[in-house]
Amino acid sequence: MTDRAAPRKAALRPLPSSNPPEALPAPKSFEPGQFPQVRMRRNRRTDWLRALVAENKLDASDLIWPVFVMEGDKVREPVPSMPGVDRLSIPALIDAVGHAGELGVPAVALFPVVPPALKSAAAEEAWNPDNLVNRAIRALKAQVPDVGVICDVALDPYTSHGHDGLIEDGEILNDVTLDVLVRQALAQAEAGVDVVAPSDMMDGRVGRIRQALDARGHDKVAILSYAAKYASAFYGPFRDAVGSKANLGAGDKRTYQMDPANGDEALRECALDVAEGADMLMVKPGMPYLDLVWRVKQAFSLPTFVYQVSGEYAMLMAAIERGWLDRDRVLVESLMGFKRAGADAVLTYTAIEVAERLKKG
Ligand SMILES: NCc1[nH]cc(CCC(=O)O)c1CC(=O)O
Ligand SMILES: [Mg+2]
């Protein structure tokens, strides 16, 4: 007889007569599947129980850190409308991205702050092989090779008018812009970018970029399409950060970015980009568009990313600074919402702070 069997046998002994079954109080009413038998709070009772039943987990590997890159040596410059966010020169960027990698943040997304003198109507600087962002890509791939580098493909940092495409008589030209976007993407690929992320919302750009990359031997460069990108008021602080706000002036992007009123249209945008060869899809902004995160993930089963944009960040920070929201909890909660909606990764300016917090536990 094994040791294990002994207590079992003991348990089979008859109950002491002082505790007969009929002494148990009979329930007044028994309705299975109803209160009071069913109590949802049972599973929320303790930390260990809540951890056990948690449906989603936020991990550093869910985060992509968007960074503003500027000219200069070892300089950082705060962005006033995004408290806690700095523009970084390339040497500062190397250090910061190294830190991001140590925290387990898989990738960064680069956004250049282009000196005004280099902006033009035709955005020639966008495909200069030695422009700021291409130098940043080269430096990162040489010095922090294990962190993924994602780069925006759009002309707004480079145009004197602040639009994502070329203009004629007030109209944003689609097909002419495609040629420039292709050159821009190729220059980034030559510099060593891992993922190009067209954020311009011109029609047909994903297919044209895929074709051009493959024709030049860049078949390993992935395309993250900003497929469902809305003409949003939440981009304001970003335009401050990259210095495109003054260029854009009173202009808006409603002839190419999507109308916030539309949801089905976002699925069509995604379907086209999937057919054209997108490897990953993005919904942008994030919090006001969680329905689209859910629908896009369900419809395409592709890696689906969401961008918690500058205005969402500014909104959180403004309330945190005033003491109206609890920093420790609200940042993680806002990201958990994206995970629950089905996002595979979130672009967030809070990536470093949140990854540090997750590491501390
Ligand atoms: N095409 C450029 C671009 N890429 C990312 C953002 C916004 C990101 C943010 O607000 O954080 C924008 C701004 C815009 O479309 O006007
Ligand atoms: Mg499209």
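Just so it is clear, glycine is given a Cβ too, placed from its N, Cα and C backbone atoms.
Caution: TrEMBL annotation is automatic and unverified by curators.
Annotation source TrEMBL lists active site, schiff-base intermediate with substrate at Lys229, Lys284. Residues or ranges marked as Mg(2+) binding site in TrEMBL: Glu269. As annotated by TrEMBL, region 'Disordered' applies to 1-34.
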Distance-selected recorded positions near ligand 2 (C-beta under 6 Å), from Lys229, Glu269, Lys284: Glu269
Other C-beta atoms that fall within 10 angstroms of the C-beta of Glu269 (Mg(2+) binding site): 22
Per-residue Cβ crowding (10 Å cut-off), top of active-site residues Lys229, Lys284: Lys229
Per DSSP, three-state class assigned to Lys229 (active site, schiff-base intermediate with substrate): strand
Alpha-carbon spacing, Lys229 (active site, schiff-base intermediate with substrate) to Glu269 (Mg(2+) binding site), which is rounded to whole Å: 9
Euclidean distance between Cα atoms of the residue listed as 'Mg(2+) binding site' and Lys284 (active site, schiff-base intermediate with substrate), Å: 13
